[in-house]
Amino acid sequence: MTRSSLFEELAEIAKERIMIIDGAMGTMIQREYMEEEDFRGEILKDHDKPLKGNNDLLSITRPDIIYKIHKLYLEAGADFVETNTFSGTTIAQADYRCEHLVHEINYQSALVARRACDDVGAATGRRRYVCGAIGPTNRTLSISPSVEKPDFRNVTFQELVKAYGDQARSLIQGGVDVLLVETVFDSANAKAALFAIRTLFEDEGVPEMPVFLSGTIVDMSGRTLSGQTGEAFLVSTKQGKPMAVGLNCALGAKDMRQFVDNMSKWSDSFIICYPNAGLPNALGGYDETPEEMADVLREFARDGLVNIIGGCCGTTPDHINAMYKAVQGITPRVPPQDPHAGKMLLSGLEPSIVGPETNFVNIGERCNVAGSRRFCNLIKNENYDTAIDVARVQVDSGAQILDVNMDDGLLDGPYAMSKFLRLISSEPDVAKIPVCIDSSDFDVIIAGLESTQGKCVVNSISLKEGEEKFKERARIIKRYGAAVVVMAFDEQGQAAETDPKFEICERSYRILTEEVGFNPNDIIFDANILTIATGMEEHSNYGMYFIEAARMIRENLPGAHVSGGVSNISFSFRGMEAIREAMHSVFLFYAIKAGMDMGIVNAGALPVYEDIDKPLLQLLEDLLFNRDPEATEKLLVAAQEMKKDGKKADTKTDEWRSLTVEERLKFALVKGVDQFVVADTEEARQNTAKYPRPLNVIERPLMDGMAVVGELFGAGKMFLPQVIKSARVMKKAVAHLLPFMEIERQANIETMGLAEDESPYQGTVVIATVKGDVHDIGKNIVSVVLGCNNFKVVDLGVMTPCENIIKAAIEEKADFIGLSGLITPSLDEMVYVAKEMNRVGLNIPLLIGGATTSKTHTAVKISPRYPHPVVHCLDASKSVVVCSSLSDMSVRDAFLQDLNEDYEDVRQEHYASLKDRRFTDLNKTREKKFKIDWDKFTAVKPSFVGRREYQNFDLNELIPYIDWKPFFDVWQLRGKYPNRSYPKIFDDADVGAEAKKVFDDAQTWLKKLIDEKILVANAVVSFLPAASEGDDMHVYDPETGNKLDTFYGLRQQSGREHDQPHFCLSDFIKPLKNGVPDDYLGLFACTAGLGAEEYCKTLEKNHDDYASIMVKALADRLAEAYAEYLHKEVRTTLWGYSTNEDLTESDLLSIKYQGIRPACGYPSQPDHTEKRTLWKLLEAEKNGIGLTEHLAMLPAASVSGLYFANPQSEYFAVGKIDQDQVIDYAARKNVPKEEVERWLSPILGYDTD
């Protein structure tokens, strides 16, 4: 492969001065006012399609015009002109049926530009250069043109490679100096173009010439149309070896600056920047003047951001001339030496850096058909939606790279790999991280590489089939731009011992770096982690062999990385999860020290090395390093003596009572022991030599203890129930000190005339559940955790009007406001509070939390209404991080910058999704409704019609129906697979012990609540004749037959495959038969929360938050259990359509019964206003169950809904709906469209602002 001398020539000029590229070709063509015949010319005079607008044809039909435009730009000062070939591929020309002219278009365009450059160069004595313009085409590899089929693509990678190759070849034949791949909105398309160009250089003998690459950031999110950040775009395309990289189009110069700045820091190439002349005006024109644009780009130049500047849409020779003059004498940017030297760069939608300072990189392992039976079954059954959820869980659990393997004999591997990767590309929360394409079939690897826009890892290749095959595959991987995993495997087989492992890796490294030209930082060696303790002596050193091989690789093969499957080491102890997890921790401790920097491991299940019991640690290290031939047997014995979570049972002791008072207070706080805290606090207070003031006791020993609690919770070494118990201890101590502090305050007022204005807290947080919402368990937990972390919390309770929140914030001089809500109407109330905070002039941060909230809603709907920090807090620990970061002036600015950038990304992604989302027309969805053959259906008549009440129900009967998993979720105790559900959670290595403690507490409290009749459970059930009409369900008076009311339905409108029905609840109710209803609908409401609120207030007055949260959580579980019990009674007795049902409690919780009970305001009918009809028909208030103005149920521990008996009825989610359905729904309900939009805002598929 020969190399053009232009590299050195252009590099020298770009180091001396800022170079200029031309402006818009299309803008100048429009000024010529050409007609259809200009585009046809003689060659296309009889063409069967209109051609006006196909500007590339003008290089053939009107070359005089194109030459004139080139010359004007060159005379204005341009160093480079672009050929008139933006749409010069067979793919783009297919729209005009001009594919047959592609070679001529490109060849003639290059000749015209070449002649203009040569003519002006000769006249001015300054050489000019031709850039062969290669546009993005009108198709994209990363985005489906069909919303209904997100895996569909209307072009393949290889089709693009051929089209780009043909174009580049013709441009080169016409005499271009540079190939410019521009306006890249999808990095996958750019990768195809670069692949084609590298193929020309490396396989066809075309001399290598400079390549420029310019992406397009579509808006202020800083992302391309396909979702990548500018930095990720650079990483994805680095294999193309661009001499210059940068941005053009979409944005004006001012808006483009921050993104050019980022690229300038990231890239060691020259930086090119040619923005639009501002943003389009209402008429599609561009208003930024040459002087305005030149002034901005002059600042780019002065700040050392650019090497080449020019213009895109709306720019003219006058703009280029102004730029040329503006940068005269300014020293160009000096490209940095490789800013990421010694690091591996990968990318998904975002860049990922693996280097010396990077923590161990966790590779998610569950998207592997060979390693996960569940994932394999999902793929075989074409259940890709759920398979994507598996990937999402991996990312949410901390995977930094997603391993995907489709190697199964019953699968079409290339098809499955392509489909899965294409699907996850439309899931930003998954696609943000890089993919590891894992297969032993190279065709599957190629399919994967051609289905993702990021820089991937290929897993794997080896010397197993010899050097030639190894080099062939390595060169292909390199051309695609991926990193590679190399197995320690050669022609003789898999290496087990240290020296063979290293020898194979060293040989592979030499071939890759010296013969293939691989970047050593893109090489990952899997040095084979093999199982120890198998009973075979030759296996006993396998752990040491790997660790020593890792050390040798990192010390002797610069840049290379070491990876492996960690769980292999402990396979002989399968079934003993606590032992396995501890063994993984010990193995990684030493392997990472030796140089292993990435691997497949369940990081969430690793105990901290220092926390492993010393006797166990000794046994594990003896086993790992083969120091004791009986280590395996000893470990098996130890396992029998251990608790299932791998830790020795605690022994009770009162030795701590002999410690100093400070140590006793700390112990009480950390352990949650309140028995002696008042006495110990008083002892500390009386030591006035050490603590002159009561406040000093809070500031020092008590806060010191809570600091330990906060640290342990943040590190995952304490769990939420323990933290809440600690808070209870703290509150009791502070309550004891408050009267003494008040006496001191009054004394100060009398002697000094004023009270001291001081606080021991980090800050003050006013927190409330918003108006209309009664749910507060999550809010209460946040209050406790914030209090444990030295924040003063002013809790305003539930159903708090906006004016009360703002008033409290002003009176308390709050540093933060926190809003909580569970039901969707609360989202609108939060928007209103934000607006009011802005109106009254507050400038403190606003925290948003609760089950119905999301980062997207916060960023899109709330944040724009309040020009100060607005932060979505996912859970209690997140709120601490947010408040602490915003309180610490040393990190506040950086935190806010990251937050603002993140929320801007979220906003832009949201608006982009609205543009791209496609909906089925409402009438067509009704044609595709779920159809039941009503002629063959006979409804079962209930045992009674009308209304029936159930008062003061025996709670003991509900205990078997309790679903305990949500209970543990309240306490943020989440087991890891396979110990997620109850009772398996008790076996979880991390949370099992604490879950058992909380569960035992719950049993004690359940008994107390029932025995003392603290809680009361009531319910009301009704069965009414019913008939469907379209999407609605009418209910009738059982005596008169008159229509009583209507339940209105919403129908699925998006996300359905062509053969899938579009569900609506009315599909499960029979229409009128001969004008008479011939079916039934059930209605119910139940509660187990009567009495809970009053009792919890008493507990909170006694500073017992733990008990208060426990009571509310149990009331909630009992209410759900009551709903489950009632539904069983309905099925088997009250309605009696399933009299022979014989299901276990587990079957009930798994919904294995006939019929459904959807709730208003939830997925099958997301409209909360339907509760008004339900309440009117049930007269639920008579049973003590009410509705707030925002339609939350009161008490909070209440459940309501409808009963459907049809055997074909099933749960479904309506999902997003379009405006046509909203208009239709509003008309049917006879309410304003705006009111419907307010209540249905979370499911609207369009923006109402």
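Each residue, glycine too, has its Cβ placed from N, Cα and C.
Sequence-distant neighbours of Cys313 (Zn(2+) binding site): residues of the same chain at least 6 apart with a C-beta under 8 Å from its C-beta are Ala24, Gly26, Thr27, Cys249, Asn276, Ala277, Pro280, Tyr286. Marked as Zn(2+) binding site by Swiss-Prot on the basis of sequence analysis: Cys249, Cys312, Cys313.
Summarising the annotation, Swiss-Prot assigns methylcob(III)alamin binding site to Glu699, Gly772, Asp773, Val774, His775, Asp776, Ser820, Thr824, Ala876 and lists similarity to another entry as the type of evidence. For Asp773 (methylcob(III)alamin binding site), the same-chain residues that are 6 or more apart in sequence and have a Cβ closer than 8 Å to its Cβ are Val798, Met799, Ser820, Gly821, Leu822, Ile823, Pro825, Ser826, Glu829, Thr1188, His1190, Ala1192.
Annotated S-adenosyl-L-methionine binding site per Swiss-Prot: Asp963, Arg1157, Tyr1211, Phe1212, in sequence order, evidence recorded as similarity to another entry. DSSP classifies Tyr1211 (S-adenosyl-L-methionine binding site) as coil under the three-state reduction. Taking Cβ-Cβ distances under 8 Å and a sequence separation of 6 or more, the neighbours of Tyr1211 (S-adenosyl-L-methionine binding site) in its chain are Ile1151, Ile1156, Pro1158, Pro1163, Ser1164.
Per Swiss-Prot, domain 'Hcy-binding' is recorded for 1-327.
According to Swiss-Prot, the feature domain 'Pterin-binding' maps to 360-621.
Per Swiss-Prot, domain 'B12-binding N-terminal' is recorded for 652-749, and the stated evidence type is sequence analysis.
What Swiss-Prot records for 762-897 is domain 'B12-binding', and it gives sequence analysis as the kind of evidence. In the predicted model, the domain 'B12-binding' (762-897) shows an average pLDDT of 86.
The domain 'AdoMet activation' annotation in Swiss-Prot covers 913-1249 and is backed by sequence analysis.
Secondary structure counts, DSSP: the domain 'B12-binding N-terminal' (652-749) has 76 helix, 0 strand, 22 coil. As a quick check, the domain 'Pterin-binding' (360-621) and the domain 'B12-binding' (762-897) miss the bar of 3 or more Cβ pairs under 8 A, pairs 6 or more apart, so the two do not touch. When each of 652-749, 762-897, 913-1249 is checked for Cβ pairs under 8 Å to the domain 'Hcy-binding' (1-327), 913-1249 comes out on top. For the pair Asp963 (S-adenosyl-L-methionine binding site) and Glu699 (methylcob(III)alamin binding site), the C-alpha distance works out to 42 angstrom. In the three-state DSSP scheme, Cys313 (Zn(2+) binding site) falls into the coil class.
Neighbour counts of Cβ atoms within 10 Å were compared across the binding-site residues Glu699, Ser820, Arg1157; the minimum falls on Glu699.
Taken residue by residue with DSSP, Cys249 (Zn(2+) binding site) is part of a strand. Residue counts for the domain 'B12-binding' (762-897) under DSSP (helix as H, G, I; strand as E, B; rest coil) come to 69 helix, 26 strand, 41 coil. Within 8 Å of the centroid defined by the CB atoms of Cys249, Cys312, Cys313, the record's Zn(2+) site, lie the Cβ atoms of Ala24, Thr183, Asn248, Ala250, Tyr274, Pro275, Asn276, Gly311, Gly314, Thr315, excluding the listed residues themselves. Put simply, the two farthest-apart Cα atoms among Asp963, Arg1157, Tyr1211, Phe1212, the recorded binders of S-adenosyl-L-methionine, are 21 Å from each other.
A count of other CB atoms within 10 A of each Cβ picks out Cys312 as the most crowded of the binding-site residues Cys312, His775, Asp963, Phe1212.
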